[in-house]
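These features come from Swiss-Prot:
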- Arg129, Arg169, Gly175, Gly176, Lys208, Ile210, Glu215, Gly241, Ile242, His243, Gln284, Glu298: ATP 1 binding site (BINDING)
- Gln284, Glu298: Mn(2+) 1 binding site (BINDING)
- Gln284, Glu298: Mg(2+) 1 binding site (BINDING)
- Glu298, Asn300: Mn(2+) 2 binding site (BINDING)
- Arg707, Ala746, Leu748, Glu752, Gly777, Val778, His779, Ser780, Gln820, Glu832: ATP 2 binding site (BINDING)
- Glu832, Asn834: Mn(2+) 4 binding site (BINDING)
- 133-327: domain 'ATP-grasp 1' (DOMAIN)
- 671-861: domain 'ATP-grasp 2' (DOMAIN)
- 930-1059: domain 'MGS-like' (DOMAIN)
- 930-1059: region 'Allosteric domain' (REGION)
Amino acid sequence: MPKRTDIHKIMVIGSGPIIIGQAAEFDYSGTQACLALKEEGYETVLVNSNPATIMTDKGIADHVYIEPLTVAALTRILRQEAPDVLLPTLGGQIGLNLAVALSKTGILDELGIELLGTKLASIDQAEDREKFKELMQELGEPVPASLTVSTVEQALAFAKTVGYPVIVRPAFTMGGTGGGLANNEAELAEIAKNGLELSPATQCLIEKSIAGYKEIEFEVMRDAADNTMVVCCMENFDPVGIHTGDSIVFAPSQTLADREYQRLRDCALKLISALKIEGGCNVQLALDPNSYDYNVIEVNPRVSRSSALASKATGYPIAKLAAKIAVGLTLDEIKNPVTKTTYAEFEPALDYVVVKIPRWPFDKFTKADRRLGSQMKATGEVMAIGRTAEEALLKAVASLEIDQKDLLSKEAAAASDRQLEDKLVHAQDDRLFYIAEAFRRGYSLADLHELTRINHYFLDIVAGLVEEEGRIKAAGLDKEVIYEAKRDGFADTTLATLLGQNPAAIRAFRKANGIVPVYKMVDTCAAEFDSATPYFYSTYETENESRRSAKPSVLVIGSGPIRIGQGVEFDYATVHCVRALQKLGYEAIVINSNPETVSTDFSVSDKLYFEPLTLENVLNVTDLEQPVGAIVQFGGQTAINLASGLEANGVKILGTTVADLDAAEDRELFDQVIKDLNLRQPIGMTATTRQGVLDAAKEIGYPVLVRPSYVLGGKAMEIVYGQAELEDYLNQNADVTGSHPILVDAYLEGAECEVDAICDGERVLLPGIMEHIEHAGVHSGDSMAVYPPQSLSGAVKVQIEEATKKLAVALKCVGIMNIQFIIHDGQAYVLEVNPRASRTVPFLSKVTGIEMAQLATKVILGHSLAEQGYRSGLAPESQMIHVKAPVFSFSKLGDVDSYLGPEMKSTGEVMGSDTTYEKALYKAFAGAGMEVPDNGAVLLTIEDNDKAQILPLAKRFLAIGYRILATSGTAAFLEENGLHPTVVAKLHEQGQPAILDVIKDKHVDLVINTMGHDDEKNSDGFIIRQTAIEHHVPLLTALDTVNALLRSLEMTSFKTTEL
């Protein structure tokens, strides 16, 4: 069936900001789809609120709108652009929910706009829990005993009839949002209440738990002619009960007998046909490990996290082909872009094993609830490819970029047997390492299966690797044993630990004995057909399939898994670096480990190596490719941390040298540069002992900002107000040594701002200055920011410009750098310098029109700013106002304090742009999901330090028609100043109304809580904030953000004043 000619203009809905459950995979799939539609000759319109994406670059679609993903904003764009069709299945759950909401408003019927790909009825049938269950019964497909409920009482009554445990699955949500496993009545009441509040349809499925079954996923495709095919079958290491986004996943499936596979495959294809889905779809099934019985868990009628993983695991570009199917093409008409000879209807075949491990944020959130269940908690994931399951598993662990590089865990080794068993029964993010430790202690396969319900096959893989550790220790540096260990995925660092050597000695021994990796191609067909994919993974075999090109090449080091502090912004910069290299005639080689991103789309670079970002793996690639050099400026701290090891092994670091990178990161060297240039910075000291930290704080005077050197995302950074608090900080971050010093700075009050600068060694270009809306002390990644600045004087801008120029030249920056300033008493103080691309690159590139990463790449390769047509200094400011707002995922992470401070907590960002600051703010708040009505009620719980500031804000709330509720101390202060708030009883006070009831019963529309820096779980401020998050009441903890919100609300409200 040829493509449709009755449609010309297609509008695509993007997925919005990165949150837990919906990450960079949608940037990858949306970018692929937009380009595929353009390739077919259609005019495309894209709407997305996330500026940190390749998808929102000019040129990916014909018309790009960075606007809030709300019904109101989309309706305006639909009227303006009048597309023929709307494609919602590439925008994750947000895209689907918006399609349903737009349809209900009648705008699609009014404008005659058709839904492309999957029809509304199919979306509804797959997402509405009751309709889906009815369809399964019609098809004769088994589902767990369940009931769709719209009240907590119905949930409790059903659970009584089927017995506990039960699983709660809210309708129309993603990442298991609001769901969970309930073991008793109290747990069910709490989870069901939360799930009903979070479901757009106020609907939950209560399901008899089948926890312990094998969890199997099929990625399937279907076209309009009802051709269906399986792209990939994946099997979870963890049994049913843990969200698939929080599970280790193997592809292809490892433990299914042929009969089981065929039954489940038939079921998956039957479902996609019955739902009439056109495009890609994810089917989740549960298989009883003791029989052939299975249950259908759910169907996602859209591209998803799993489809991005399946695309990278197989090389089969699901989103690209789903977009082509949506416009009428069939699987037997579309050429497979990998082989270029076979058609898309051929099912991929794998002659390797892929392992995905989630990347959790618990290294940032040390007090978070780490237990895993049916609600997803991971921010990102890594993928590794090997010839065997063992090799792929160990490579995936090495890719995580956590303190744990292999299965040798110090924490697990130190646990008592009782603690160990508790960790095995109650799954957390680190359970794999405790399984390995249990085998070291002599636990049997049967013991561990009983404790974990994990399949014997997967446990046997871990047991085999633990046995091999023993053989390696016993044999010493033996050529045969080392070769076998490398084939099984053991890293040089692990072998060094086991043998009491250093990794360099292991590498030297390997090379001397010819134990070096070869690279195999990912070709979708297990080498059955000719293929020329430039997509490789390493293994220890004989034939090498990667050939060095005669063209000069440059290696670009990616940024690894998405995590808090290092998000999709760095992947954006990596992709632009690749584009610039290709324009300059170089072969661009990417090494990365993240399956969700655009940079690991093999069609982006000239060569892609899917490998852990460790020194060993990067050096193996440079040994083979012999690049001109490596670029580390765009891969975040991951790439910067590899620079000195690469240089020590003879790899040229292009751009700013390693010595100059160190000068910016090393406190004493940097302080000397500041002094030499006569610039201002807050008083600061470096301490290498616990007592040294305490002495430094005393000398500088409290409050002080304390942090370790060499960190990203403000990890372990805190504002400390007194000695007792500082001692608590040191107890939690006790690793203070000469190689791990602690920095102690005076904490200055003032406005923060930052610049990204590009320097060619002589000239320095500042594309723009971004002013932070929150006060100093809130991490720059969590602060709202505005460009151009709204309150900086001309004189301050000149100070910033001059300081940036001096620093860039003095630090011998060649490429890109980021500098943060604080404006205190009209003077600009330098806070910190990052000699690399920062998370602001995509935002500033979009709003200034200067493609910063491309410009910096050309500078790195010797093309001066003058040559590229740029002058030194601050670029002219734009006429439009642009506001960047952070987006958080607190509702997914229990026990994480939402109080904003110097440690970064946001997972994503949105942008609002308009002709005035107030309108841009309004859009940014709308994009971030801060839905506050024009009038209502606001609850104030304010720390004493902030009371003077709250008074004018409270008066402004009254002026626009808000009622004010406040706790006793805040209320007394407001009364003294002529305002009459309603007093609410604090947590430990008698009286009505009680503060938590006011929040739980939604008697307030906004909570403003600045009850500070004490983040102990039982502190009043923490409990109030958690209650607001759990009940989805908008919450603000910084008064500067409140001021910004008021400005946006005041813009939409009319004053009523008497004559």
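Just so you know, glycine gets a Cβ as well, placed from its N, Cα and C.
Confidence for the domain 'ATP-grasp 1' (133-327), expressed as mean pLDDT, is 91. When the binding-site residues Ile242, Leu748 are compared by the number of other CB atoms within 10 angstroms of each CB, Leu748 has the fewest. Note on proximity: among Arg707, Gly777, His779, Glu832, the binding-site residues of the record, the Cα nearest Asn300 (Mn(2+) 2 binding site) is that of His779. Summary for the binding-site residues Glu215, Glu298, Glu832: the Cβ-based neighbour count within 10 Å is maximal at Glu215.
Ranked by Cα separation from Ile242 (ATP 1 binding site), the binding-site residues Glu298, Leu748, Glu832, Asn834 are led by Glu298. In the structure shown, the C-beta of His779 has more C-beta neighbours within 10 angstroms than that of any other entry among the binding-site residues Lys208, His779. Distances between the Cα of Glu215 (ATP 1 binding site) and those of the binding-site residues Glu298, His779, Gln820, Glu832, Asn834 are shortest for Glu298. Cα-Cα distances to Arg129 (ATP 1 binding site) place Glu298 within 10 Å, out of the binding-site residues Glu298, Leu748, Gly777, His779, Gln820. Around the Cβ of Gly777 (ATP 2 binding site), the number of neighbouring Cβ atoms within 10 Å comes to 21. In terms of Cα spacing, the binding-site residues Lys208, Gln284, Arg707, Gly777, Asn834 that come within 10 Å of Glu298 (Mn(2+) 1 binding site) are Gln284.
Within 10 Å (C-alpha to C-alpha) of Asn834 (Mn(2+) 4 binding site) lie the following binding-site residues from Gln284, Arg707, Leu748, His779, Gln820: Gln820. Cα of Arg707 (ATP 2 binding site) to Cα of Glu832 (Mn(2+) 4 binding site): a distance of 12 Å.
Across the structure, His779 (ATP 2 binding site) and Gln284 (ATP 1 binding site) are spaced 39 Å apart at their Cα atoms. Rounded to a whole number, the C-alpha distance linking Gln284 (ATP 1 binding site) with Leu748 (ATP 2 binding site) is 53 angstrom. Candidate binding-site residues: Arg129, Arg707. Fewest other C-beta atoms within 10 angstroms, Arg707. Taking CA atoms as the reference points, Leu748 (ATP 2 binding site) and Lys208 (ATP 1 binding site) are 56 Å apart. Separating the Cα atoms of Lys208 (ATP 1 binding site) and Gly777 (ATP 2 binding site) is a whole-number distance of 47 Å. Shown are the binding-site residues Gln284, Asn300, Gln820; the one with the most C-beta atoms within 10 angstroms of its own C-beta is Asn300.
Counting in whole angstrom, Gly777 (ATP 2 binding site) lies 13 from Glu832 (Mn(2+) 4 binding site) by their C-alpha atoms. Gln820 (ATP 2 binding site) sits 5 Å from Glu832 (Mn(2+) 4 binding site), counting Cα to Cα.
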